[in-house]
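Note sheet for the following structure.
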Amino acid sequence: MLLSPSLLLLLLLGAPRGCAEGVAAALTPERLLEWQDKGIFVIQSESLKKCIQAGKSVLTLENCKQANKHMLWKWVSNHGLFNIGGSGCLGLNFSAPEQPLSLYECDSTLVSLRWRCNRKMITGPLQYSVQVAHDNTVVASRKYIHKWISYGSGGGDICEYLHKDLHTIKGNTHGMPCMFPFQYNHQWHHECTREGREDDLLWCATTSRYERDEKWGFCPDPTSAEVGCDTIWEKDLNSHICYQFNLLSSLSWSEAHSSCQMQGGTLLSITDETEENFIREHMSSKTVEVWMGLNQLDEHAGWQWSDGTPLNYLNWSPEVNFEPFVEDHCGTFSSFMPSAWRSRDCESTLPYICKKYLNHIDHEIVEKDAWKYYATHCEPGWNPYNRNCYKLQKEEKTWHEALRSCQADNSALIDITSLAEVEFLVTLLGDENASETWIGLSSNKIPVSFEWSNDSSVIFTNWHTLEPHIFPNRSQLCVSAEQSEGHWKVKNCEERLFYICKKAGHVLSDAESGCQEGWERHGGFCYKIDTVLRSFDQASSGYYCPPALVTITNRFEQAFITSLISSVVKMKDSYFWIALQDQNDTGEYTWKPVGQKPEPVQYTHWNTHQPRYSGGCVAMRGRHPLGRWEVKHCRHFKAMSLCKQPVENQEKAEYEERWPFHPCYLDWESEPGLASCFKVFHSEKVLMKRTWREAEAFCEEFGAHLASFAHIEEENFVNELLHSKFNWTEERQFWIGFNKRNPLNAGSWEWSDRTPVVSSFLDNTYFGEDARNCAVYKANKTLLPLHCGSKREWICKIPRDVKPKIPFWYQYDVPWLFYQDAEYLFHTFASEWLNFEFVCSWLHSDLLTIHSAHEQEFIHSKIKALSKYGASWWIGLQEERANDEFRWRDGTPVIYQNWDTGRERTVNNQSQRCGFISSITGLWGSEECSVSMPSICKRKKVWLIEKKKDTPKQHGTCPKGWLYFNYKCLLLNIPKDPSSWKNWTHAQHFCAEEGGTLVAIESEVEQAFITMNLFGQTTSVWIGLQNDDYETWLNGKPVVYSNWSPFDIINIPSHNTTEVQKHIPLCALLSSNPNFHFTGKWYFEDCGKEGYGFVCEKMQDTSGHGVNTSDMYPMPNTLEYGNRTYKIINANMTWYAAIKTCLMHKAQLVSITDQYHQSFLTVVLNRLGYAHWIGLFTTDNGLNFDWSDGTKSSFTFWKDEESSLLGDCVFADSNGRWHSTACESFLQGAICHVPPETRQSEHPELCSETSIPWIKFKSNCYSFSTVLDSMSFEAAHEFCKKEGSNLLTIKDEAENAFLLEELFAFGSSVQMVWLNAQFDGNNETIKWFDGTPTDQSNWGIRKPDTDYFKPHHCVALRIPEGLWQLSPCQEKKGFICKMEADIHTAEALPEKGPSHSIIPLAVVLTLIVIVAICTLSFCIYKHNGGFFRRLAGFRNPYYPATNFSTVYLEENILISDLEKSDQ
């Protein structure tokens, strides 16, 4: 009897040991496939053929055939490796990294739990990799390389099972991804679970411990695709379509797209006005903008639905911009607007709607019939194709004239129903030398709905880039098709174009297809499937598949073959060999030659993460995604075969070889034998770095594209080109055209210029990086995936025979060559040395100076290529006086020389001599300056690499109470009594009386000094700037340094009332309140507003010739700040040595988690004057960073965008800014700290359950499920009362910060929510409804006049700015309910430590007792679940009732049956 997969999982993973010991069982191939489908695998040593087994304290290698649950592994969140049997994660202990590896709690902060797989190696942080010791224990080491494979997969890579984020649905975390593993009910779950739910729905936690954080959501359930619409979908009974409204989620477009796909659905597509009205009615009470599947992420096509639905109905907002440079390439639907469709940046985070058909007729069925060959007969002058006849009319007419002309000929304007018909149209237009034609598609409706003129259904669309472009205020729109790709464009119907008529033809018998029996025809070829499984060598021999395996030349032929193999696919894992191979392991895939000349690769159609490696052969996939290509082992793998031969009596096409002799135009570069030219656009030559799409558009302005590599030789040239321009130590990154943005491309990487992908460019390290859809190139032949919205330099590519366009904004310059921060101009004509000195000076440059061997090599390589007959070139060396030493003419010192020592210098006192460089040897010599030679000019970068030296200042003294900093005195004034806090005018008056002004902050270090002194304060401080002249400080100095908040209030378009906005002087504050502005940031506020501190400055007193004590006394090695202890280590050391040195001092390498401590360390580092190591590091080339002490924090302080990409370990420079570099680099010091102790929660209360979900903060519970509901103030107040709660009140800054953090996840979907405030007529003040005063308030520019509050205005919170605003009470807004949490007396459970930690005996005995009790309890639970539930003290996931007709049940948190029974 066969066991089900779920029962197999139970048997292998085993019940708890108290009930039944997990039995060892042989892993058959069938069982292994079942585990691998779940992402579970066994790790086998490739060389030793043994498998890793997790023991109680160490990992060992054991016989794979005696496999058990302790050999089962799974990739989990944050690049963790989870052991199923040991229920722990593989960890690396920094304090003893080369001890045997062990399992740890999966949220342990004591070790590193992050691992990467790359080229069959498992690598951890600091270049440690998983190795095997002599005693078969598994260790981490940096000395050797050990390769690991997945047991039972034929040498497969464990990277094939990398974890992919699973974004939750509904729940209470706004669509955050599941955290695997997560702990619930004292067990670690590595996948979604149904445990604790009566409705049997899958759920997961989004943090590592559910009981602690209560953050959760439902899992996308792939099985729901088989059962139709379950309880988290809503069904439209008229259309039999299901919709899932994820209105409380906040995901990027690609994340939302993935979430829908995981459930067997797609992002919303809207096919007609009826469907749009259904969606609008369902969201009528919401003011929300949601993602739908509309996108233009295919670089070669226009707008499309992500589910492939034809796009013929549109309801664009008039605001939509169709310009090519606009980054908004994903579509949204707004329920509150009549023209509801907009375009947004795809990286924005929004709610989304999924859609799933119950009885959808797959378009592939229609496509399959469209590719079937039908021999057709037509009248003379008409072109036959698959049952129809077509005629191109070469007389230009308007669309309506063309329509009438076809009708007069008993035909109709052409309708296009499939990609097969597009192929015919492209061929017909090409044969007739026509570039564009009318087709029968048009619209005369608002909203736009395109229809065919013959009334046939629109089942296929093929829009051109940026189309369909809807013209405003024009009801009649007509459509044309262009020749190159057959794409469609919206046109003015009055334009005059050629047109094609179409009518039915006469179908002939199949015998006239021209193919042998059993073969199918497409174009000029016949195709057949050999269904016998063979190796590639057998299939490609020409015997079984005469004359050869199939070669595929374009997307039309691929679509035909996909339809062909769909008819024979019977098995789950069927594959078909094609002729593509790399059997010689060259690194480049080519078509296996038949005869002498190989066929060029013109098209590829890879599956996700393919080609996975070099040296393989290619098979086409027979299951979803159907038709995609994958690399397989040429000899061991067996597949069916796809055969191809020309139609009988048809000549085989000859491929013309084009030899690219045309030179590159302007300053584009190439080398002999390459068909394209390249140009590097680096930051020294352009105004700004750009996103991937901006860079592609930039290249397109020249008629080019981002660079692609058609052959390995092109990649080698680009690599050398970068090496020739930049220092090899620079970690520069350049956008190239490699991307996987197109959602219809199955996650496959492609080139933006449609160059076929012929090599395995990306390491399998990045297979799990789904969100990074664009690639950069580094000068070490490395491609790295990044977010497409990142800004980088870029490389463009253009064919040799295409002359680049010159954009209007392009400033042409003579072709200077860039090399390492300077540019060089090579003058090939000969002249005297003095003439060239003048020419170079006129070009704002100097005659060439050479200061290094690298520069010498660069110059020699260039002049050697440019010179004829071994010419010598003038350089900037001149003998200033006869027989004197040679000096550089620009005055720089001669620090490098390359004289020809074998050449005698001629002594001639009568004439001056100048230096030259030989193009043959590269050696220097001297000659009379009047001799004519070619020469080189050199110009340096315009910016200086170091600051100008100021005149030394004298240290002085400051009055008592003032702080000395940087030659001036500062006074920080924040009285303890809030009633003494000042407005800006009073603060400036106070400073003036003290002989100073409000502070002028002149540098980042001074900013840090002030910020560090604000630690513990809760109010912001006035500084010396006003909005009427924010470029000049109050003391008259220009603003050379600024630190404005991104939410600076001066940029906010509207405030409380129109009157408030008029004539309000604004003054600058430095924030010490992170609730509304980032710590230390500047923002404007009403100058007259009281309630702030201030900072004064005045000049130091130098009359006493004071001495700065910081110059006299060294910085102490131990420093205290903000409840932390820091230790400064002064020694040359690597990052690894810094880790060990800190441990020796009973500390750890520092982690920095907020701006206050960062500011303190900035001041310290500036005082020390050199860089220090900090505890940040990366194991994945800068994609993720971790703190070595296990601290989790989102705070960063990078120098710039690229500073995080220059190495694996991080240091802070003398200005406190962070840079990454190689971990083996030596720095002069490191900063250690003693990590603060973590406390248990001070608020153990829990939230009661009603019909809406709650999130706990401190001793209160909040429901955010109503923020998208639009209700009046009174209706919202009544709703909360019915739930036993009240409308939102905000009592302190911590609560305010919590609320803004939670609301931030809603993005732009929520603008305002009601606050539970009222007007007290007795004393004319605003109070909370419970009677307490509104001590915590934030009215923005000015508190409103209470006259406006009587009697029809209420208070709302503006989410984007965190400001309060008066609004009419009858307006409809979202709201938040709030109530006090219930008292919960259960004690917190202790955390589990590492499995090999040394534990005191008493604790060990206690744990043994606990384990025994838990084991016994589990057995009792299996036999008597009711008894166990009565004993339970933990929280189970439970819904009071499963009913999703209301949004309020979207986020019910998980409660226990025990609590339910008490309600």
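Even glycines carry a Cβ here, placed using N, Cα and C.
Taken verbatim from Swiss-Prot:
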DOMAIN    38-161  domain 'Ricin B-type lectin'
DISULFID  Cys89-Cys106  disulfide bond
CARBOHYD  Asn93  N-linked glycosylation site
DOMAIN    173-221  domain 'Fibronectin type-II'
DISULFID  Cys178-Cys204  disulfide bond
DISULFID  Cys192-Cys219  disulfide bond
DOMAIN    238-355  domain 'C-type lectin 1'
DISULFID  Cys330-Cys346  disulfide bond
DOMAIN    385-502  domain 'C-type lectin 2'
DISULFID  Cys406-Cys501  disulfide bond
CARBOHYD  Asn454  N-linked glycosylation site
DISULFID  Cys478-Cys493  disulfide bond
DOMAIN    522-643  domain 'C-type lectin 3'
DISULFID  Cys617-Cys634  disulfide bond
DOMAIN    673-797  domain 'C-type lectin 4'
DISULFID  Cys699-Cys796  disulfide bond
DISULFID  Cys774-Cys788  disulfide bond
DOMAIN    819-938  domain 'C-type lectin 5'
DISULFID  Cys914-Cys929  disulfide bond
DOMAIN    965-1096  domain 'C-type lectin 6'
DISULFID  Cys1067-Cys1087  disulfide bond
DOMAIN    1121-1232  domain 'C-type lectin 7'
CARBOHYD  Asn1123  N-linked glycosylation site
DOMAIN    1257-1378  domain 'C-type lectin 8'
DISULFID  Cys1354-Cys1369  disulfide bond
TRANSMEM  1398-1418  transmembrane segment
TOPO_DOM  1419-1463  topological domain 'Cytoplasmic'
MOTIF     1436-1442  motif 'Endocytosis signal'
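Positions of the features from Swiss-Prot, shown on the structure.
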| residue | record | contacts (Cβ under 8 Å, 6+ apart) |
| --- | --- | --- |
| Cys89 | disulfide bond | Val76, Gly80, Leu81, Phe82, Asn83, Leu103, Tyr104, Glu105, Cys106, Ser108, Leu113, Pro181 |
| Cys330 | disulfide bond | Trp253, Trp291, Leu294, Asn295, Leu297, Ser343, Arg344, Asp345, Cys346, Ser348 |
| Cys406 | disulfide bond | Gln393, Ala412, Leu413, Tyr499, Cys501, Lys502 |
| Cys493 | disulfide bond | Thr398, Trp399, His400, Ser442, Gln476, Leu477, Cys478 |
| Cys617 | disulfide bond | Phe536, Trp577, Leu580, Gln581, Asp582, Gln583, Val631, Lys632, His633, Cys634, Phe637 |
| Cys788 | disulfide bond | Cys346, Glu347, Thr691, Trp692, Arg693, Asn739, Arg741, Asn773, Cys774 |
| Cys914 | disulfide bond | Trp833, Trp874, Leu877, Gln878, Glu879, Ser926, Glu927, Glu928, Cys929 |
| Cys1354 | disulfide bond | Phe1273, Trp1314, Leu1315, Ala1317, Leu1366, Ser1367, Pro1368, Cys1369 |
Inter-residue Cα distance where the pair is Cys1067 (disulfide bond) and Cys178 (disulfide bond), in Å: 45
For the domain 'Ricin B-type lectin' (38-161): best-contacting stretch of 173-221, 965-1096, 1121-1232, by Cβ pairs under 8 Å: 1121-1232
Spatially closest candidate among Asn93, Cys699, Cys1087, the listed recorded positions, to Cys219 (disulfide bond) (Cα to Cα): Asn93
Secondary structure content of the domain 'C-type lectin 6' (965-1096), with strand meaning DSSP E or B: 32 helix, 34 strand, 66 coil
Predicted model, mean pLDDT over the domain 'Fibronectin type-II' (173-221): 90
Distance from Asn93 (N-linked glycosylation site) back to Cys699 (disulfide bond), taken between C-alpha atoms, in Å: 48
DSSP three-state assignment for Cys699 (disulfide bond): helix
Highest-contact recorded stretch vs the domain 'C-type lectin 1' (238-355), from 173-221, 385-502, 819-938, 965-1096, CB pairs under 8 Å: 385-502
Secondary-structure category, per DSSP, in which Asn93 (N-linked glycosylation site) falls: coil
Cα within 10 Å of Cys192 (disulfide bond) - qualifying recorded positions among Asn93, Asn454, Cys796, Cys1067, Cys1087, Asn1123: none
Nearest of the recorded positions (Asn93, Cys204, Cys796, Cys1067, Asn1123) to Asn454 (N-linked glycosylation site), judged by Cα-Cα distance: Cys796
Residues satisfying Cβ distance under 8 Å from Asn1123 (N-linked glycosylation site), sequence separation of at least 6: Pro1236
Tertiary neighbours of Cys204 (disulfide bond) (same chain, Cβ under 8 Å, six or more apart): Leu166, Thr168, Cys178, Met179, Phe180, Phe182, His189, Glu191, Cys192, Thr193, Trp216, Gly217, Cys219
Integer Cα-Cα distance in angstrom, Asn93 (N-linked glycosylation site) to Cys796 (disulfide bond): 45
The domain 'C-type lectin 4' (673-797), counted residue by residue under DSSP: helix, strand, coil: 30 helix, 33 strand, 62 coil
Rounded Cα separation (Å) that holds between Cys1087 (disulfide bond) and Cys796 (disulfide bond): 51
Cys1354 (disulfide bond): secondary structure state under DSSP, collapsed to three categories: strand
Position of peak Cβ density within 10 Å, selected from the disulfide-bonded residues Cys219, Cys346, Cys929, Cys1087: Cys346
Conformational class of Cys178 (disulfide bond) under the three-state DSSP mapping: coil
